[in-house]
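Everything below concerns the one structure shown next.
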Amino acid sequence: MLSHGAGLALWITLSLLQTGLAEPERCNFTLAESKASSHSVSIQWRILGSPCNFSLIYSSDTLGAALCPTFRIDNTTYGCNLQDLQAGTIYNFRIISLDEERTVVLQTDPLPPARFGVSKEKTTSTSLHVWWTPSSGKVTSYEVQLFDENNQKIQGVQIQESTSWNEYTFFNLTAGSKYNIAITAVSGGKRSFSVYTNGSTVPSPVKDIGISTKANSLLISWSHGSGNVERYRLMLMDKGILVHGGVVDKHATSYAFHGLTPGYLYNLTVMTEAAGLQNYRWKLVRTAPMEVSNLKVTNDGSLTSLKVKWQRPPGNVDSYNITLSHKGTIKESRVLAPWITETHFKELVPGRLYQVTVSCVSGELSAQKMAVGRTFPDKVANLEANNNGRMRSLVVSWSPPAGDWEQYRILLFNDSVVLLNITVGKEETQYVMDDTGLVPGRQYEVEVIVESGNLKNSERCQGRTVPLAVLQLRVKHANETSLSIMWQTPVAEWEKYIISLADRDLLLIHKSLSKDAKEFTFTDLVPGRKYMATVTSISGDLKNSSSVKGRTVPAQVTDLHVANQGMTSSLFTNWTQAQGDVEFYQVLLIHENVVIKNESISSETSRYSFHSLKSGSLYSVVVTTVSGGISSRQVVVEGRTVPSSVSGVTVNNSGRNDYLSVSWLLAPGDVDNYEVTLSHDGKVVQSLVIAKSVRECSFSSLTPGRLYTVTITTRSGKYENHSFSQERTVPDKVQGVSVSNSARSDYLRVSWVHATGDFDHYEVTIKNKNNFIQTKSIPKSENECVFVQLVPGRLYSVTVTTKSGQYEANEQGNGRTIPEPVKDLTLRNRSTEDLHVTWSGANGDVDQYEIQLLFNDMKVFPPFHLVNTATEYRFTSLTPGRQYKILVLTISGDVQQSAFIEGFTVPSAVKNIHISPNGATDSLTVNWTPGGGDVDSYTVSAFRHSQKVDSQTIPKHVFEHTFHRLEAGEQYQIMIASVSGSLKNQINVVGRTVPASVQGVIADNAYSSYSLIVSWQKAAGVAERYDILLLTENGILLRNTSEPATTKQHKFEDLTPGKKYKIQILTVSGGLFSKEAQTEGRTVPAAVTDLRITENSTRHLSFRWTASEGELSWYNIFLYNPDGNLQERAQVDPLVQSFSFQNLLQGRMYKMVIVTHSGELSNESFIFGRTVPASVSHLRGSNRNTTDSLWFNWSPASGDFDFYELILYNPNGTKKENWKDKDLTEWRFQGLVPGRKYVLWVVTHSGDLSNKVTAESRTAPSPPSLMSFADIANTSLAITWKGPPDWTDYNDFELQWLPRDALTVFNPYNNRKSEGRIVYGLRPGRSYQFNVKTVSGDSWKTYSKPIFGSVRTKPDKIQNLHCRPQNSTAIACSWIPPDSDFDGYSIECRKMDTQEVEFSRKLEKEKSLLNIMMLVPHKRYLVSIKVQSAGMTSEVVEDSTITMIDRPPPPPPHIRVNEKDVLISKSSINFTVNCSWFSDTNGAVKYFTVVVREADGSDELKPEQQHPLPSYLEYRHNASIRVYQTNYFASKCAENPNSNSKSFNIKLGAEMESLGGKCDPTQQKFCDGPLKPHTAYRISIRAFTQLFDEDLKEFTKPLYSDTFFSLPITTESEPLFGAIEGVSAGLFLIGMLVAVVALLICRQKVSHGRERPSARLSIRRDRPLSVHLNLGQKGNRKTSCPIKINQFEGHFMKLQADSNYLLSKEYEELKDVGRNQSCDIALLPENRGKNRYNNILPYDATRVKLSNVDDDPCSDYINASYIPGNNFRREYIVTQGPLPGTKDDFWKMVWEQNVHNIVMVTQCVEKGRVKCDHYWPADQDSLYYGDLILQMLSESVLPEWTIREFKICGEEQLDAHRLIRHFHYTVWPDHGVPETTQSLIQFVRTVRDYINRSPGAGPTVVHCSAGVGRTGTFIALDRILQQLDSKDSVDIYGAVHDLRLHRVHMVQTECQYVYLHQCVRDVLRARKLRSEQENPLFPIYENVNPEYHRDPVYSRH
């Protein structure tokens, strides 16, 4: 056979022969073109010359010669194309002709590997393993390169070609990082295109896993591994099943799992994820077990055992560890199985407290819970109650019990009533019962309870008390010969009394009395002798006695005398001694009812002398016999000392020439009157008799200059004394003094008219401002003089004095010298509108300067007057450029001198200058507005860098100029000068030209997706910087940056890929911007990222990617076969991020390329993927009812595969068996565990991919055993059993029951394998039968044989137990019966504080309401109810409530202080209060107070229901207060079981501590001060059931009741209550007579005394208003003036006589009433702004206090005062008209004071002045005033007044609202009165009617503007009208006087005072007219209209 080459040559030869041609031509050709690809070659050549024959032969090293078919392209060109060549191979081409052969060598391109990928199995955290299949064709080597995510080359390698398998591993990489790998095939000098794949290193696992465990949660912590991490995934597995999972970011180092099962073991996996790969670490973790619940330790009444029960906690429990300990010492410890829930401890100590700890153990963890329990205590032994001989006492003794106890509780019973309940310490073995209110002689029962914790055990015994003696044995009365005793009967049993009286050791009387006797009188006794009286109580053979000592009253002395023996300071007395027993004599010296001497004299003495007495005073000497502290009746005699003469006599002429006044110091002692005599030369000129209180007088019409003698005689009784003095009158003064300057500046002439009378000479003095200059003595015959060398312009005072002896008379005159003009008058400075002139001051005195400004001799301004020290003046607001004349006048008094000067103003500068470049780069235009005044022209100049560029002169009518040829962007200084003559005024401004724009702007992306580079050429002119703006294609600004003027480019980074941008450049110079230069540019679009395979199956591949950043237009997607052929392509929207290819071949590798397009730019990414082989089908498993075998079968897999792999898994994931084969369809597994679930995997393998099918099957389980029941409740119980052996598997148990009720089965352990269940929903009390089976499997279950058990439930508890108080001694309880079968209820009621059982009984099941009676008031009780059914008891249900508390029931009238059972002294009353007076039915009485009232004949039976009442200090310092209370003292009645026998001894007025103790004026508190002597008092006892809370804060509304007032009890008189009173009355009458005489003598004088009444608030008046006492006032000023109604009109006419003289005088007397009180709080700086007028302030004592805010001491202030009325001491509140800032305070006061009525008697605005702010809503919309909400409900407008109704409530108490009426009188002028009386009277009556219909309301608020004038008139009229309705007299003066004691200026004007009289007169007239005509006039004034008009003299003003 020929070779291929030889055959080709032969073929060519034969061809040539067949052509039959001659010798062929020679071929000349040249190679034109040659191309080569991987599998083809193309070659072309051209024939040069004539056509010829040729052939083309090609060959390679693996291929012999072959002919390449040629084809003709044109006449001279030929070619040959070869296909299906071997890649990478060198081919030799020969073009053969007959005479020439040309060789061409061509090589095909090599191909890359067909498959190139990353081997995940061999990839680690630091290495990446790549593999590829050999390329087809020839390859000499492969070049493999590794790139990071940013396509930066990391590593590269050249690997020689291998025929089988090619691979390479990159080391030292970063864990968790993505890499791109490129491979290129190299063959000779050619390289294939690169093939890419990507891969990732495995992330590093976490390190140092830490576990923090709790019962329901696990806290996992870890440390980061090396390399990159994207996230951590945590998985908590339970037997291969995911229980919980979570994903956290790469920075996290901890994670918490919640909701876990306590005590459970989990498999924890912490997985690190990065670059699509994972790595993990795992660890076994366990949650902490939970502690048991409902742990209870009970003793069941046992002394020596305890029972412990608990409920199993949820979760897993392995066992329980129970320990019993006492005080930290473990007594016993036990380990119990987890299904046990109770245990018992025995042989314990009685009464001991044990600690029981139950630990739940799960694995290595445990949870503890502790409870305590106590054994029942033992009883005491040998209990006895004995009498110790003491009254009201028993001694209880006993022997201690066995075991432990804490204390004893001792109860004392009187029958069934508990008298004593007390606790004593455990170390005690006896207790003495004292002060427990035991009744003597009575038998009691004692119970001793041993208490240990809350457990008790008791023992009882009986005992009896000793009888009691009588109580409060005292001497009731004693006189000179008799002694009466009285006592109170004790609470005891007795038969009679034995009465005895003894004198020292001698028994005088011994007598038996009946048991009802309470007093006895002993007679025929010796005066002043001491006796012992004894009362003995006899009861059977027992007795007890009580004794009291008493003394008879001693006898009085006789024949008492007193004398002064002519001395001024001594008295002498003597007497005859008294009969009977006398210890001493008490001698008192009394002066003006005050004891000034108190001496005790021996009984043997009968005389005494008094020294150092007051002269002229009348004294009373009292001698009293005293024996044993008892005084006899007093004997009184009077005597007087001689009066003293006066001293300090002063005679004064008072500067008068016809008058002398005489004054002296009052003579010491007492004086009746003085006689003053004036004499001259021994002749009496005048004589006056002066009252003793006056110490001065005067004499007039005397001769000037004469010497007089004054004699003052002191008289007292029949005695007198004398004093002398002399004095002279003042001489007369001159007349008509004249002073003249004669037009000279240094000269004055003085002249006068001669003085009358006698004088020595004249003295003339000239002075200036009290500085003497000259004094001249002038003979009495001359009448003028001259003064020279004086100061110019000075005012001089000239005094002409008449001299006569030591006295003189002055007359003054004034004169002034002429002033001089100013000096150095100069124009100092000038401006456009100012002239500044200065000068030097004129010589001499100058009063002021007057300066004038003239223009053309006309005054420009009015003259200006300057002080005399002024030396300059500036004229302003002048006209610029104008000439002015300035004139300066020197003025001294009424004379003046002048000087002047002339000057000009500066022309004004231009204004409103505006410079603008007008958008040009080379010019500036300036314009301006001319200034004021005249100007000739303007000069405009431009400067650049201080160099003048241009300057122009502009006519005065031109106001604009433009500068040209300037530089762009440059700053210029422009100067504009106003020119006026030689003066200029210029202004400099700055302007800048517009900068030029840059040129040649270009934007380039430099192949970047995130940046653009902008470049430009520099702008012309001056530039500071370039502002470069980056905008969107639509012109939206994205960035704004600046570059220095020297920069020519800028790079924008962090841009959006594929986005088109606009760029603008502005040149900036001095804040000006050039025109923008603009260009456009686009960034390269970004390729997609995170391109990945999301799903691959046997027939399709799904890809997903992350969208390209930035903007893009669309995606092109290509899918290539392994040979590079396109399989499929698609174009998708930019929003698409996934794509799938369907109907692919199984197991094939594909390449997917995605290209991103944006505009004209693009970018791409690619990835490889393979399909999955098919799996088997119909895989099934079956156990065939066996417990140890499983059978599986299936159908074969379709498609290609290599083999099957069978894997059987245990439940824990471990492999049980593993088999491999290709032709299997069934398999059996044997030797398996019963009940266990197995999983079979059948895996189909094909290449590196596989597919599997799984099936599950389970063996049958084993049955349970040993069923039991626990925790049996009413609707639930626990069932436990023993499960199958531990080595078997099972999942659950199935529980069934009969009857088939709808029950709920709960697994409390959260583990289905737990050997117990809790069943809910049971019918209480029902019997059930249960069976249990073992269950294996969840969906397909197998069951074991059942086991059975029966049980019955408890009855249910009651529902909605509600107990509420019925009254103070009963409560009611109701409930809903349980839905259960039951027999009845067991009910107990206990006291909460003592736990004593007060009530216990069984109740039928049909009842659900119970009343419990006979309880203690105001005690909290606990009611417990249990349901009972067939020996089963439900849970106890408890509720507590408190019995009611209320005011104590008012005692009956006979229960009060008995005036017969009191002991009385001059300052105290001793009486007894008994607990039985007040019942505790409505609650225990907690406190008492004593209410004391002066008896005044009123019919009030009980105290006013007001709290608190005034204190003792208020009562003593305010005469209008008649009632006071003592301090509160605690009641101990509730502590005494027999409280009716408890009594309190009260000594009122003795500074008793319990009543408040001694009074301290510095402390405002309740106290117990001494009572007034000889004063009748009525006493009431006030008892409180509620007064203070637990923090001793007083309740706002305490609960109390009062006894009836006692009958009047009169205190004893002072010792001089007999004769002294008579003498005092006589002296009082004499004094009054002397006062009347003195008043007639000095009737024109105003008394110097001023009242100082106390301003305490009055208690409710009980006396008629016509009766006023002068207590608390000095002098004899009246406080009331009651007028009988039938005499009123005549009285009013008398007051109106002589132009209202008497009425004005009466009103004037009220001027200073109350003004002595302090207003310190109102004057504080913080409070001044709260006063409308600074002279109308509230007194501190009567002001209204608001509640404090935020501890601000001034926040309680408001200008308001309490005012008393006829009914209450705080009947009104008077306030000012609210200010804008005090409206909130006003409404706060209304709210806090419980105000229901407001009276307003002013308009808000009067005569244009605001009198009161509008402080209420204008409409019916609600408004806030502070925290209060006010709403107007209605408004009734009448002609003269308006009535509004408001609703007010607190912001936090919207339901607790109050209605308030607002009475607004609208026709009353300020400081005046209404036109008629009818209008106001009717208004007052209307308001009073509303007030009377508002019971329980607080004070009525009344206000005008200041709150004194109209307000006072309204209140006074209201009180007066009430008097007219209820009394026969009216007291207007007293009403106003009372008002002014509480607020200043009440009834402010006299016309208002008269108006009140007119109102009374008109009311009385109308009443009389109504009576006559029987036509009702009041209150509606119908039919009759009398003239209710004011008198004309009091018209409005």
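Glycine is no exception: its Cβ is also placed from the backbone N, Cα and C atoms.
All protein chains included, ASN28 (N-linked glycosylation site) registers 14 other Cβ atoms within 10 Å of its own Cβ. Residues annotated as N-linked glycosylation site in Swiss-Prot, with sequence analysis given as evidence: ASN28 (among others).
DSSP assigns ASN53 (N-linked glycosylation site) to coil in the three-state reduction, placing it in neither a helix nor a strand. Look at Swiss-Prot and you will find ASN53 (among others) tagged as N-linked glycosylation site.
As annotated by Swiss-Prot, N-linked glycosylation site applies to ASN198 (among others), with the evidence given as sequence analysis. Classification of ASN198 (N-linked glycosylation site) by DSSP places it within a strand.
Taken from Swiss-Prot, the feature N-linked glycosylation site covers ASN267 (among others), and the record attributes it to sequence analysis. Counting every protein chain shown, 19 other Cβ atoms lie within 10 Å of the Cβ of ASN267 (N-linked glycosylation site). DSSP assigns ASN267 (N-linked glycosylation site) to a strand.
Within 10 Å of the Cβ of ASN544 (N-linked glycosylation site) there are 20 other Cβ atoms, across all protein chains. Mapped onto three states, the DSSP output places ASN544 (N-linked glycosylation site) in strand. According to Swiss-Prot, the feature N-linked glycosylation site maps to ASN544 (among others).
In sequence order, LEU560, HIS561, SER606, ARG607, TYR608 make up the list of same-chain residues 6 or more apart from ASN574 (N-linked glycosylation site) whose Cβ falls under 8 Å from its Cβ. In this structure, ASN574 (N-linked glycosylation site) is part of a beta strand by DSSP. Annotation source Swiss-Prot lists N-linked glycosylation site at ASN574 (among others), citing sequence analysis.
A strand conformation is recorded for ASN598 (N-linked glycosylation site) in the three-state DSSP classification. Remark: ASN598 (N-linked glycosylation site) has GLN586, VAL587, LEU588, LEU589 as non-local neighbours, by Cβ distance under 8 Å and separation of at least 6 in sequence. Summarising the annotation, Swiss-Prot assigns N-linked glycosylation site to ASN598 (among others).
For ASN652 (among others), the entry in Swiss-Prot reads N-linked glycosylation site, with the evidence type sequence analysis. The number of other Cβ atoms within 10 Å of the Cβ belonging to ASN652 (N-linked glycosylation site), over all protein chains shown, comes to 14. ASN652 (N-linked glycosylation site) carries a strand DSSP state (E or B).
In the predicted structure, the domain 'Fibronectin type-III 9' (730-829) carries a mean pLDDT of 87. Marked as domain 'Fibronectin type-III 9' by Swiss-Prot: 730-829.
Residues or ranges marked as domain 'Fibronectin type-III 10' by Swiss-Prot on the basis of sequence analysis: 819-906.
Among the features that Swiss-Prot reports, N-linked glycosylation site is placed at ASN1163 (among others). Annotation note: ASN1163 (N-linked glycosylation site) sits in a strand segment as assigned by DSSP.
Swiss-Prot lists ASN1367 (among others) with the feature N-linked glycosylation site. The DSSP secondary structure for ASN1367 (N-linked glycosylation site) is strand.
The annotation domain 'Fibronectin type-III 17' is assigned in Swiss-Prot to 1458-1554 on the grounds of sequence analysis. Here the domain 'Fibronectin type-III 17' (1458-1554) is broken down by DSSP into helix, strand and coil counts: 20 helix, 27 strand, 50 coil.
Within the same chain, residues at least six positions away from ASN1470 (N-linked glycosylation site) with a Cβ under 8 Å of its Cβ are VAL1462, LEU1463, ILE1464, ASN1545, ILE1546, LYS1547, LEU1548, ALA1550. Feature annotation from Swiss-Prot assigns N-linked glycosylation site to ASN1470 (among others).
The number of other Cβ atoms within 10 Å of the Cβ belonging to ASN1474 (N-linked glycosylation site), over all protein chains shown, comes to 16. Per Swiss-Prot, N-linked glycosylation site is recorded for ASN1474 (among others).
If you look up Swiss-Prot, you'll see 1622-1642 marked as transmembrane segment.
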If H, G and I count as helix, E and B as strand, and all else as coil, what does DSSP give for ASN28 (N-linked glycosylation site)?
strand
Could you put numbers on the helix, strand and coil content of the domain 'Fibronectin type-III 10' (819-906), residue by residue per DSSP?
0 helix, 52 strand, 36 coil
Please identify, among the glycosylation sites ASN28, ASN53, ASN267, ASN1163, ASN1367, the one with the smallest Cα-Cα distance to ASN544 (N-linked glycosylation site).
ASN1367
Fill in the CA-CA distance, ASN267 (N-linked glycosylation site) to ASN53 (N-linked glycosylation site), as an integer in Å.
88
Provide, as an integer number of angstrom, the distance between the C-alpha atoms of ASN652 (N-linked glycosylation site) and ASN53 (N-linked glycosylation site).
179
Given the glycosylation sites ASN53, ASN198, ASN1474, find the one whose Cα is closest in space to the Cα of ASN28 (N-linked glycosylation site).
ASN53
Rounded to the nearest angstrom, how far is the Cα of ASN1367 (N-linked glycosylation site) from the Cα of ASN53 (N-linked glycosylation site)?
144
Other CB atoms, at most 10 A from the CB of ASN53 (N-linked glycosylation site):
15
Work through the glycosylation sites one by one (ASN1163, ASN1367, ASN1474) and name whichever has its CA nearest to the CA of ASN198 (N-linked glycosylation site).
ASN1163
Rounded to the nearest Å, what's the C-alpha distance separating ASN1367 (N-linked glycosylation site) and ASN1474 (N-linked glycosylation site)? Just drop the number here, would you?
25
Looking only at Cβ atoms, how many others are within 10 Å of the one on ASN198 (N-linked glycosylation site)?
21
Measuring Cα to Cα, how many angstrom lie between ASN1474 (N-linked glycosylation site) and ASN1163 (N-linked glycosylation site)?
111
For ASN1367 (N-linked glycosylation site), what is the tally of other C-beta atoms lying within 10 angstroms of its C-beta?
15
Under 8 Å by Cβ from ASN1163 (N-linked glycosylation site), counting only residues of that chain that are 6 or more apart:
SER1009, VAL1084, PRO1085, ALA1086, ALA1087, SER1108, VAL1155, THR1156
